[in-house]
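Have a look at the structure below, then the notes.
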């Protein structure tokens, strides 16, 4: 029973990302490298957001109560901002790298910016999804299940679908963001930021 | 006593391995003969085809020659053009002065964690436009990075899977419920505790920290001593001794540690196995492993064995090094690697220079090699024939260190055609990357410790994994930029340590709180 939940939720959450990886990225080594660098950038952004939240928590001296809830919300908002900032930083890095690659070998096909946008979005998404879900997933394999204290028994399924959504959204955000940066359409960046905040804010009803 | 032997083998086995090197496909047979000086004229004609007047002496590799040196071994990543390789008649592990003027050396790991032979591979083809070379090397640069990512990832996966499922490797000594296991576990513990005598069971934090630092100092000085010993051995040409040492240590790994590992896995899953079956299995596994690693075998099988023994070694370290000492040792070994490789008086550098002077491969090594595509031809006789061939082992042509060099990787040969610029698109690229097993081991120790000591947290493990891969990427990039030897361990281990401690203390509470509220950022 727990194995069924584990595998089911794992494939719901990571199946599409895995398929995308296998069919589009795994064949080209350069894309794999950019994917991993993207994942690393997301990781660093998470590090900074956690640092912020940690510092905020120690400042408020870890008091329990509504302040923790507000701190969490603030932490989420700041985290979204930092993630988008790091997406921008990654865009700048990729721009420099692809210019460098072009200058070295002009007739070789270097990946286009659109492809790099997709790869970076997938990198961000995979890392984000994995970090969000993998602990829950490993708990689902263990003895017992969720719901004994009145929590929803659909906790795992919910989380799995939400993770899937987040991964795909990061891919789309990556593409839109890079496109906006390329064409200097700053409205696109704003839309990405706002939708990201919106998606994260949707979870607030759960607190 | 078995313990001391075990400890010796542990130590020795570890030594070989931290090097990152690139290997070209082994040269065709004629190159071997040429190396023996038998048919220099013909071979030279065959493999030095560039038109007269081109600079053949300038030591400008058109390709990038990276040499990463880690604590114990210098790692050398070298990307170069096939044509360059074809021109160089060399054995993969031989020191053969290539036409472009670089001595090629294989970097082999030593028994101790210390030095290895450095492998300097001549890169590039003189006479070619440099942009062309760079193009080709860049194209294959990414492939080489991936060729390193895959085995490192596999080794880490094996280690993490074992840590998470088999309790044995996370239990501290003396807590084992089984009597037999207790004996087995105590023996390597006793041997390793010689290297880490200061206990970490102290009441105060300061005392514990001090003890870990002292343990680290002892461990590192053992490593330094062994490195210097190895350099001395090499200087005085005691190749048989080194070879025997290497054989002994891989014997220990392939038989004893596999037996213990298999026993623990069977216990975890409560699978019964009778002794005859067990011995048959372990015997076959070990014997094939010895053949593959030290003699000849299919490349994939050899790679798999090397990954497995690195994982086994890493598991031993994870189990028997005390908690804090392990982290301090990881940090210290990266610093030592940096120093040993970059300082002019560093033992690794001295080893390399000695090997360079002698124009010979340094040590038999346990090095992971991942040669890629290959085409094989009968070198002198039929340059046009291509096909998959294993070069027949030619006993009369080897001297003692050739036989060391032989086993590490299967022979892959390039057609010794005279190269001309138009050919490159038709030829298969034969590039290989060699990575010393010490790097595998220390990367896996870091990730395994993250998996073992985090409170069942997967985020920490994954963060360390990504950090190590990024460190590896960066190191290769730095090599491309600086074009000289760089140590392989420091960047990855530093990133790994930073990410371990920060993820464990900062990110984990944040992510746990978010996950429990089903908030997605």
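From the backbone N, Cα and C atoms, a Cβ is placed for every residue, glycine too.
Annotation comment: TrEMBL describes B:1-33 as region 'Disordered'. The annotation transmembrane segment is assigned in TrEMBL to B:145-163, B:213-234, B:241-263, B:275-293, B:300-318, B:324-343, B:462-482, B:488-507.
Between the transmembrane segment (B:462-482) and the transmembrane segment (B:145-163), three or more CB pairs separated by 6 or more residues in sequence fall under 8 Å, so the two stretches touch. By the Cβ criterion (under 8 Å, sequence separation of 6 or more), the transmembrane segment (B:300-318) is not in contact with the transmembrane segment (B:488-507), since fewer than 3 such pairs are found. Within the chain carrying the transmembrane segment (B:145-163), a Cβ under 8 angstroms from the stretch's Cβ atoms is held by residues 20, 169-170, 261, 265, 303, 306-308, 310-311, 314-315, 318, 368, 370, 372, 432-433, 435, 439-440, 443-445, 447-448, 451-452, 461, 465, 468-469, 472-473, 476, all 6 or more beyond its ends.
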